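Contents: one structure, followed by commentary.
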């Protein structure tokens, strides 16, 4: 069994790390490279940078941030936001990113997933899916884009299967209902997607305590079956540390790097 991963997420807007609740009410959470170094030294397995303003406002992801991070940390990191071409993927990987995350651009042009995977290998291509539970009384979740502002009408599970077939090497799955609430991951969502695809699924949105993180990674009937847990508010606000979380997961018998 591959070791489970803890991945701090740094949502970036205008060069600063920000955090909100349900994708709104953003507040400043610090300098991205500074936080990246802190989490790297603390034992995080990977990092994710998401430029949450780029897709919405049409700006390119800051390559400078990638370069500075690559010079400062030794763990793998993913960058996403505003990547709309193979040239954009190339620029970020050359600047030092290990993976790129595609979200709105994958929905707008699914071929980009295949092109990126063919050029760089599927291990470099992450597809980020922002999911919101349907309020129509129908079971399931819809895919949202443009920073959670636009409902595509796509079914999350079917979309995850489609991008995996196109070449995505990993799914970054965010519950918009849970994002920033610290009320727990949407385990039903994570479990449904993990069961439907053959690539790792990263659980994101809602971690509030140690039990929530463990539940997302557990593989029993009530577990989330995720391969990794994305963490933001819990770490940025100092509620828990990477060391505390890893010690707890190891004590529960989960396979994770110490």
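Every residue, even glycine, has its Cβ placed from backbone N, Cα and C.
Under the heading active site, Swiss-Prot lists 11 (among others), citing sequence analysis as support. In three-state terms derived from DSSP, residue 11 (active site) belongs to an extended strand segment. The C-beta environment of residue 11 (active site), restricted to residues of the same chain at least 6 apart in sequence and closer than 8 Å, consists of 17, 18, 19, 26, 50, 52, 232.
Annotation source Swiss-Prot lists active site at 130 (among others), citing sequence analysis.
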